[in-house]
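Engineer: Just dropping this structure here.
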Amino acid sequence: MNPNILLIPILVPIIAGVLTFILPKSVKWGKEILALIATAITMYYAAVIFKAGGEGLRLFVPWTSFGINFDLWAYHFPRFILLAAAGFEILLALYTASFMEGKNRSKEYFAYFLLTAGLANGAILANNFVVMLFFWESLLATLYGMISVGNKEAFKTATKALVISGIADFAMILGIIFAWQLSGTLTMSEIHLEPMGLGAAAFVLMGLGAMAKAGAMPFHTWIPDAAIDAPLPFMAYLPAALEKLLGIYMLGRISLEMFTIHMNSTMSIFLMTIGAVTIVLAVMMALVQKDYKKLLSFHAISQVGYMILGIGTGVPAGIVGGLFHMLNHAMYKCTLFLTGGAVEKQAGTTELKKLGGLFKLMPITGVAFWVAAFAISGVPPFNGFVSKELVFHGAVETGIMIFPIAAWIGAIFTFASFLKLGHATYFGQQSPEMPNKAPKDPGLAMTVPMLVIALGCILFGVYSKLPLKYLIQPVLEGRAILEGHAGHMEFWTFHLNWIVWVSMACLVIAFLLHKYGVKKGQGQAYLASEPIHNLPVMHTLYDWAEARVFDIYEWFVNGLLKGAAWTVFKVVDRGIDAVYERLIVFVGGVATGVLKEYHNGLYANYLAWVVGGFALLVLYLAVLVK
C-alpha cells in the first residue's frame, strides 16, 4: 500500500476547512455538505489504514541534516486512535449541521471544525517531534476559533483556553528538548529513556503537556467556562472526545514507548496522584452543579483521572483499563453532550431548575441519556463498567490503597450526580419556567448520532472482549511493561470478586445519597446535592472554588500579570520619577549655583564669554575645513 495515503486524512479536512472559509454565504448547505464529504472520506481512509495491519505504513521524507524530517507512521496505536477520531468526526458533522442551522458564524465553526480534524490527524500520525508540534500547536488556533464562535463572553473563555493550553504546551516543548538532548534524535519511535535525572524532568514536562490536552487538573479550568460560552457541539467534539483521545494517546506513547514506567516507581506515583486528585476534586464540583452542560463539563475533567490513574499503575490491567476508558469516555461523554444540545435546542435552557418531565416529551433523547449515564457511572453491563473495573484492579494491584479508594469515591459521586441530572431533567414535573413549553425530540440529524454512539456504549460493554482484543491489547504487545505479566494478556473475564462487590456497593451508596438529597430538597431533584454542599468544610471549599481560588488562570492573570504590573509601576515608573525628582533636581541645583557665580551683572564678563565662544566656533570650523 502506498504510504502517501497517510496524507489523505490530514489534507482532506484541512482543504475542506479552507474552502469553507471562502465559501460564499449564498451557497445554502455548502458548509454542511463539505463537512460531511470531508469526514466521510477521512473515515473511509482511516478504516483502510487501520486494516493495513502489521508494522503499518510509514511516510518518511528527509528535510534537514539534523533530524527534522517529515515522518508519519501508522502502526497499531495511532491507527486505532485515527479510526476512533474519524468515527466521532463524521457523526458530529451530521449533528452540527442541524444544531448550528440558522446560527450566526456557523460557517466559521464548520471551518474550524474541519481544520481541527485535519490537524489532529496529523498530530496522531506524526513520528517526528517537530512535525507533531506543528500540528499540536496549530490546534491552539482552532481551539480559540471554535470557542470564540459562541456567545458574547466566548472571547474571554477562548483567551483563557489559549493561555492555559499554551503554558502546558510550553512545558511539553521543554520536555521534548530534554528528551532530544538525552537521546540525540527527534524521531519519536527511536526514543527509549529511563525516567531518571534529566529523563525524569523530560517525562514530567511532556506528561504535563499531554495530560493538559486531555483536561486533567490543574489545566482544566477553561472547560467549565467553555461549556457555557462555546457552541455545544464543540464540547461534544473537543473536551468530550478528541482531546481525550489526543491527550491520553500522547501520554500512552510517552509512558509505554519513550519511557518505561514501573509499578510504584516515582513516576508511577506521580501519574496516579494526578489521576486520583483529578477524579475526586472534579467529581465533587460536578455533583453541585445546577446546569446540564456545566455538570457534564466537570465530569469530562473527572473521568480523565481514571485514564491517568490506570496508565500510572504500571500494570497491564490498569493500563488497558485506562486506554479502554479513554475510548469509552469519548463515546458516553459525547452522547451526553449531544443529549444536552438536544435539550438546549428543544427546551430552550439547560438550567436544571427550569427543566423536568422531558422523558415523555423527548423519549429518544432520554433513552440515549440514560444509556450514557449508566455507562459513565460504571453500571453493568455498559462499557464504562468494564474499563473502570480494570482500572480498579490495576490500582489495587499496586498495593497503595489510597488510589483505588479515590477511584471508588469518584464512582459514588459520579452516579449520584447523574441520578440528580437525569431526575431533574427527564422525570418529575415540567417546570413552569421552561422557555419552550412543548419540546420534542430533534430531527434525525441530531438523534441518529446520539443513538449510534449510545448503542456503542452497550455493545462495547456486552462484547467488551472484542474491542479489548483488537483495539486495546495490541498497544501493549512487545512492550517492556509486560515483563513478568505473561499470563495477563487475557485481561477481562467477568467474575464476582471483592473488587466488583465494592463497585456495586458504591452504586448503592450513590442511590441512597440521591434519595436522601431529594427528600431534604423537598422533592426538588436539582437540590439533591445540597446536603453535601452545605457541610461545614465542604461549603467553604465550594465557595472558594466558585470564587476561582483554585483557578491557575486567575493565578496567572491576578497574580503574575498584576504582580508584573505592580513591579513595573513601583520599580520602573516610580524609579524614573525618583531619578527625575532627586538626581535631576540635584544636578540642576548644583549647575544653577555654579552658573550664578558667573551671572553677576558685569557686562565685561558677558562680552568676554561671547568672544571666547566665537573663537572656539571659528577654531572648530577651521578644523573641519582642513
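The count begins at 1 with the first shown residue.
Any Cβ shown, glycine's included, is placed from N, Cα and C.
Where the annotation comes from TrEMBL, it is an automatic prediction and has not been curated.
Dumping what TrEMBL says about this protein:
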type     : residues : note
DOMAIN   : 126-414  : domain 'NADH:quinone oxidoreductase/Mrp antiporter transmembrane'
TRANSMEM : 6-24     : transmembrane segment
TRANSMEM : 33-53    : transmembrane segment
TRANSMEM : 73-97    : transmembrane segment
TRANSMEM : 109-136  : transmembrane segment
TRANSMEM : 161-183  : transmembrane segment
TRANSMEM : 195-214  : transmembrane segment
TRANSMEM : 234-256  : transmembrane segment
TRANSMEM : 268-288  : transmembrane segment
TRANSMEM : 300-324  : transmembrane segment
TRANSMEM : 361-380  : transmembrane segment
TRANSMEM : 400-422  : transmembrane segment
TRANSMEM : 443-463  : transmembrane segment
Engineer: Which one of these stretches, 6-24, 109-136, 161-183, 361-380, has the most C-beta pairs shorter than 8 Å to the transmembrane segment (33-53)?
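Structural biologist: If we count Cβ pairs closer than 8 Å to the transmembrane segment (33-53), 6-24 scores highest.
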Engineer: Could you pull out which residues elsewhere in the chain have a CB under 8 Å from any CB of the transmembrane segment (300-324), counting only those six or more residues past its ends?
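Structural biologist: Distant contacts of the transmembrane segment (300-324): 211, 214-217, 220, 223, 235, 239-240, 244, 247-248, 251-252, 255-256, 261-265, 268-272, 274-280, 282-283, 286, 333, 376, 383, 386-395, 397-398, 403, 406-407, 410, 414, 464, 467-468, 472-473, 475-476, 481-482, 485, 488-489, 491.
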Engineer: For the transmembrane segment (6-24), which stretch among 73-97, 109-136, 268-288, 361-380, 400-422 has the most Cβ pairs under 8 A?
Structural biologist: 109-136
Engineer: Sequence-remote contacts (6 or more beyond its ends) of the transmembrane segment (73-97), Cβ cut-off under 8 Å?
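Structural biologist: That would be 6, 9, 13, 29, 32, 35-36, 38-40, 42-43, 46-47, 49-50, 52, 55-59, 109-110, 113, 117, 120-121, 124-125, 127, 189, 233, 236-237, 241-242, 245-246, 249, 252-253, 327, 330, 334, 338, 341, 445-446, 448-450, 452-453, 471-472, 474-475.
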Engineer: Does the chain bring the transmembrane segment (234-256) near the transmembrane segment (361-380), so that three or more CB pairs sit under 8 Å (pairs 6 or more apart in sequence)?
Structural biologist: no
Engineer: State, in range form, which of 161-183, 361-380, 400-422 has the highest count of Cβ pairs under 8 Å to the transmembrane segment (109-136).
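Structural biologist: That would be 161-183.
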Engineer: For the transmembrane segment (400-422), what are the same-chain contacts with Cβ under 8 Å, counting residues 6+ beyond its ends?
Structural biologist: 264, 269, 272, 275-277, 279-280, 283-284, 286-287, 289, 292, 295, 299, 302-303, 305-306, 309, 313, 352, 369-370, 373, 376-379, 388, 391-392, 499, 502-503, 506-507, 509-511, 513-514, 517, 525-526, 528-529
